[in-house]
């Protein structure tokens, strides 16, 4: 997809102009190549000769910087772009080359930087624009316009949409990571690291011998035995406190799914909790009605799970609940459950369980945690981070060329997302995947939940300040996810606002950026299925609108994903705290449950260890981790954006110190939103 080439204009003079070129190969493993790589300089007046960089590959090894002279028959005028292409050595397999950047010094002494950070293959040439970001209406030269259009046409062909399921966000039409363009694939280091971890997870956790045991647990001591070898500081704390009421409330605020809890001002009609039943668990002399008015009553409602088709695990039908859990903020500032109903309908065979109900109460809390497991993995984690990120990544590749300022801003936050999601669809969600085989929802239930959940996928619910306000949880104490998340949201907002202002001086610049408008339109169309009720903008008319949306994107793929992913092993490795399924029907009466019944309700041995290995794998920090705010690839070269990046890093460092000081006072530190532990993108 080359731009329209200017013919070589051979002058009557035999004098040739010389351009000094410095080419940097990436420092990743296998960045280099033994193939023949060529460079051509394209200017506004002419183009250079197609010059070979290396014939034997010795100067294109990982991390190497090479210098060469490129000749042109005359001065090229303004340098428009650099073209890199490659030819395979006839006796060696195809060997892609990763170029970091190219610097060109003109005969007049001017040095021009062309960032690359892309793989060069035999299949198509790579054309590098000068490092200064440019919007579509700022390109005037016909060659630049054609180059820009050609780049986007190529990306449309390389990354095609496919339907995951009608009514759900679309996905990339590739089902094998090896078929992705090299730029979207894992680095060699990450691929090998993940391969080794995947193969050895069960061994590292000392669980290999139990992975195929399709039998129920018969002793609590056996569960403790497998857990003992693998615990973290947090999971050990979970195992110690999981039965305590305050800890269920803590997890509603600071566990892996901290987005369900909401203030309850009025009881739902399908959850008619009698005041006389719960008054004994309130402050002395108070009543449920008084506490509702004070704003001290909260609710977790898992109605999205109601009536979902349960899975078969080990050829046994599983059970699901769609509970409502009422919580009370005590004068000690602890949030504790005071009433649980396991299904969405009120009636004598669906009792309301209370803290005074003994073992029945413990089973009811386990049922709530099992429902939270399903809601978390499908709605909070899969739909609201992974699938959303995939849509935005696809739209970015389709509509924002490499020279566009928002491409430069967003692409570090799209790193590895397409491959991660492809692998998740095969290894986790596919027919033989872990979540299909070892969770109550299975493959059918997954689709059913997604189809419901997408109806409540709104723009405001993706924007943390608005979501906190809508759920009425602005003042609930000890809500560290909210506190740290809002600080991160504001830091990202300052950064994005500054970046947008650099490149869009006024609202008119936003309106006339046709690439930007196509980008948001495709997100609305392919990601949100043109649902007006989603509130997703179909176009941008102001700097404020662009800032808010980009802020949401960067927050979602970094901080939000970290908040709902990083604690997976911590909170679910002690399986009774977060069972992936229930093997016993929910109780319809009180007073008959025993601890033996609870063991029968918990997942089988093989399900327990398979999920433990999976959450361990998903929670591990990857080998080529890039923290939020770090941009090792220098897509921006101008002073203003580089200064904004430094300010963001200073902001995040200050926030990190603030969080650590708070955590030092906590018995259980909340670390999932420490900036240095947040990955820049959904890379696992």
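Glycine is no exception: its Cβ is also placed from the backbone N, Cα and C atoms.
Annotations in TrEMBL come from automatic prediction, not curation.
The record from TrEMBL ties 381, 386 to Fe cation, and of the options 182, 241, 438, 561 it ties 561 to that site too.
Cross-referencing 32, 43, 150, 167 with the Ca(2+) binding residues that TrEMBL gives (95, 96) picks out 32.
Using CA atoms as reference points, the binding-site residues 381, 386, 561 were checked against residue 119 (site 'Essential for stabilizing binding to COTL1'), and the closest is 386. Shown are the binding-site residues 95, 96; the one with the most C-beta atoms within 10 angstroms of its own C-beta is 96. In terms of DSSP secondary structure, the domain 'PLAT' (17-134) contains 0 helix, 62 strand, 56 coil. Within 8 Å of the centroid defined by the CB atoms of 32, 95, 96, the record's Ca(2+) site, lie the Cβ atoms of 30, 31, 33, 34, 35, 60, 97, 98, excluding the listed residues themselves. For residue 381 (Fe cation binding site), the nearest neighbour among the listed binding-site residues (32, 95, 96), judged by C-alpha distance, is 96. With a 10 A radius on its CB, residue 32 (Ca(2+) binding site) counts 23 other CB atoms from all the protein chains. According to DSSP, residue 381 (Fe cation binding site) is assigned to a helical segment.
Sitting within 8 Å of the Cβ centre of 381, 386, 561, and not among those site residues for Fe cation, are the Cβ atoms of 380, 382, 384, 385, 389, 560, 564, 565, 682.
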